[in-house]
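These features come from TrEMBL:
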type     : residues : note
TRANSMEM : 36-55    : transmembrane segment
DOMAIN   : 101-317  : domain 'ABC transmembrane type-1'
TRANSMEM : 109-131  : transmembrane segment
TRANSMEM : 143-163  : transmembrane segment
TRANSMEM : 189-215  : transmembrane segment
TRANSMEM : 236-260  : transmembrane segment
TRANSMEM : 298-321  : transmembrane segment
Amino acid sequence: MTEEIISCAEAGEGTLGEGEQKTQSKKRKPWTGNDWVLIGMASLSVVFLAVFAYAPLYGLVLAFKDGDGWLNISQAISVAKWCGFDNFTAFFDDPDFWNIILNTLGLNILQLLINFPLPILFAVFTAELISDHFKKFVQTVTFFPHFISWAVYGGIFLSLFALDTGLPALLQQWGLTDHKVDILGDPDYFWWIIIGTSLLKGMGWGSVIYVAAIAAIPQELYEAAKMDGANRFHKIVYITIPSIAPTITLFFILSVSGLLNNGIEHLLVFQNTSNIERSEVLDTYIYKYGIPDFRYSYATAIGLLKSIISLFLLVSGNWVCKKVSGKGIY
């Protein structure tokens, strides 16, 4: 049964390849007036990219200048003295360097192991729901938290875990704990709070791409598998998962490249002086030195270093995925 399903999938891939060849063989259509409309729409994206992606690259020179303490960033970029790699060495010499790196990697690796596969499973199980009304209800409920800001969404959990009026006081009142557990202040709970709240907020939205990929799978494959006696589990294992494997590979590589990115809004909501030992990561560290302390050069140097490492992780992750599965993003 498995061999026949795979053969059908391979046949489908062959048909797609022939279609692509026919499309490429067609002559390019003549220029029309409507093309100017399309060019105008595309030019807006190009302008947006140039202004917000390429223009700020000029500010990277601050990483190699002594621009800390300047109130005017433009003057710091043009007037401040060059200092070489002093900003980078200052970061490596910081006593908190290893603690910040371990917190960043530890939290992101846990999120990769837990929060990456669950949206995939959620998309697969959602696609298997028989009732369309119930499926839409589940998708709406799980998508909604994504559109709530972290200030509001995090505030709900801050109230829920409040020491005197929230869950800790309730657990003590019920006799389940002999004292109030400071969930928000205990460093050992911080990572799990971040992972749990991120999962609840983003699982529905994170499954959108996978749901779309599953919807694009030809129904003939499922019908052929059903005729061969395959049950729903067999269809998931031998058709659904292999068909969305390229999409999974793409997002896995992007997730690996983001192992040094945590998202500052989320962390600042739950970070406090009691859990700073486990909550201080690269993003919060850069923010605190770059904005309140006006250490623009120091923060820029750390951000540049983080971007270079992320690029290396992207290339390495793509190379490993191509070696293991034969699929990659390029």
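Cβ atoms here come from the backbone N, Cα and C positions, even for glycine.
Taking residue pairs at least 6 apart in sequence, the transmembrane segment (109-131) and the transmembrane segment (143-163) share fewer than three C-beta contacts under 8 angstroms.
Same-chain residues lying 6+ beyond the ends of the transmembrane segment (236-260) with a Cβ under 8 Å from its Cβ atoms: 1-2, 5-6, 9, 104-105, 108-109, 112, 116, 120, 124, 127-128, 209-210, 213-214, 217, 221-222, 225, 230, 282, 306, 309-311, 313-314, 316-318, 321, 325, 327-329. Same-chain neighbours of the transmembrane segment (109-131): 138-139, 142, 191, 194-195, 198-199, 202-204, 206-207, 210-211, 214-215, 232, 236, 240-241, 244, 248, 251-252, 255-256, 259, counting only residues six or more beyond its ends whose CB sits under 8 Å from a CB of the stretch. Within the chain carrying the transmembrane segment (298-321), a Cβ under 8 angstroms from the stretch's Cβ atoms is held by residues 59-60, 62-64, 67-68, 87-88, 90-91, 249, 252-254, 256-261, 282, 285-287, 289-290, 327-330, all 6 or more beyond its ends.
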